[in-house]
Amino acid sequence: MARSWSLLLLPFALALVASVAQAAVVEYTFNVGNLSISQLCQQEMIITAVNGQLPGPTIVATEGDTVVVHMVNESPYNMTIHWHGIFQRGTPWADGPAMVTQCPVRPGGNYTYRFNVTGQEGTLWWHSHFSFLRATVYGALIIKPRGGAKAYPFPVPDEEVVVILGEWWKTNVYDLQQRSLVTGNPAPHADAYTINGKPGDFYNCSAPNQTHKFELKQNKTYMLRIINAALNTPLFFKVANHSFNVVAADACYTKPYKTDVVVISPGQTVDALLVPDAGVAAAVGGRYYMAVIPYNSAVNAADPSFLYSLTNSTAIVEYGGGPATSPPMVPDMPEYNDTATAHRFLSNMTALVPNRVPLAVDTHMFVTVSMGDTFCGPEQTMCMPDDKGTIFASSMNNASFILPNTTSMLEAMYKGSIDGVYTRDFPDTPPIVFDYTADASDDNATLKHTFKSTKVKTLKYNSTVQMVLQNTRLVSKESHPMHLHGFNFFVLAQGFGNYNETTDPAKFNLVDPQERNTVAVPTGGWAVIRFVADNPGVWFMHCHFDAHLEFGLGMVFEVQNGPTQETSLPPPPSDLPQC
């Protein structure tokens, strides 16, 4: 019997050895420095970029590979790189958020990021995690299946196309963020949106070289790897005379989801097969606009033109083989405030196969995600308070997060010396219960006013956490893209209004919920997520609107060590930057 089992297992053992043998070390060098660009009426704009590119270089790896990136900071600013969506199991020092897992790399310095991509495949991305520099310091991170394209659980595309959506300011984004901090006023909206770094045809001073072109061939299947790298804006994405078959989100496969519009919040990714309407694929020389517009989810806020640029960003999808004889077709876009379309897209996707959702929950959290106010701080040397003496702030459970300034939180955890760095008292619930989404709730000064702190929630290794994320109307109701470092989570349910702990659990999808690293909490609503804390370290959870993060919309999970060396924090690398 033992011999027959050995024979049966031999092919599997050989396959495992072959898989391990095929794993590679994928190595890149990122030179971060100044780049001069002429765009939108500006003869010369100096931005911070990687390897002189906007977007930066695409990292391509295969599942199981080790990725090594040598980052050389030739810019005038501090710098870190975050590998958005990478679990960093065993490599928490490579996660990248400044003052959370590392001190930033100073100008003239360098740091080598090393991490493994085992158990992950799909579209992720990388970006700066210091100040507003990720406005131009970003790029795609593609993880291919170990079995190649034939291993895709959907029709194999003939080609794959990276589409990175971004925002563009006609000013230095570092100065923009510093001005926002010292005055206490949120930064103004972007001057333009971009597709692969270019704004398109519809802006003033647009030039032909400022519109990205995708040259396609007839009767070929294309998969778009769509990334929202914008600082502060959810986007509607369409291609005229085409629809999409969504097959993955945040590098997790989904059941095929057919739609004519993709809705994507900052931090999120979507993989979609591009489906031409009848006759399009055969139209030699056919030209179609790819377009994005902002999704304005804010309710009871300022005029949308104050919050967002309302001009479409465009690229051109062109079918070759003949002359372009007509202007590109323009897609019909949703209204800016079309929350119904946004919610339909963001909530209807499900996992491709049933997930192993943990049923027993160890830690329950109910967390309000709020805009509010606070008093001017000593660092805000040009503070401009309102008539009540307060300035804009944001918070989770009324705690407005600030980063430490002496050492990183991960170093403090590793050394066991957290005093003066952070405290272990992030609350599981808000200080009071009230009608979170009612218009009258803005009179509730208890929760609207917040205080700055660096609080973490400590979790036992391998514990299961369920978090209800509840939007509030203290200032305005708005969809917030909440991103968790170090983990994926299951999105069990989403809805509008106040979460009801008695009736809403009946809506939980415990069979095939979508798996994400960034969830867009519905405007004036809630989302329930669940994850297993099996990755020791300190892991940032925050709104992926940088305009909200800088004013405190974040918190940190401290996951304790497990029982073995493999489930405990490793020592820091020798080249870890020092503060």
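Yeah, the Cβs are placed from backbone N, Cα and C, and that goes for glycine too.
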Next on the checklist: Need one residue: from HIS449, HIS480, the one Swiss-Prot lists with CYS543, HIS548 for Cu cation 4.
Outcome noted: HIS480
Next on the checklist: Looking at Cu cation 3 binding as recorded in Swiss-Prot, which candidate out of HIS70, HIS485 goes with HIS129, HIS542?
Outcome noted: HIS485
Checklist entry - Looking at ASN73, ASN348, which is the one Swiss-Prot tags with N-linked glycosylation site? => result ASN348
Checklist entry - Hey, for the Cu cation 3 site built from HIS129, HIS485, HIS542, who else sits with CB inside 8 A of the CB center? => result HIS82, ASP95, GLY96, PRO97, VAL100, HIS483, PHE540, MET541, GLY554
Checklist outcome for this item: Same chain, |i - j| six or more, Cβ under 8 Å of HIS485 (Cu cation 3 binding site); the result in sequence order is HIS82, GLN88, ASP95, PRO97, VAL100, TRP539, PHE540, MET541
Checklist outcome for this item: Whole-number Å distance separating the Cα atoms of ASN500 (N-linked glycosylation site) and HIS480 (Cu cation 4 binding site) is 20
Item to check | Cβ-Cβ neighbours of ASN78 (N-linked glycosylation site) (radius 10 Å) | outcome: 19
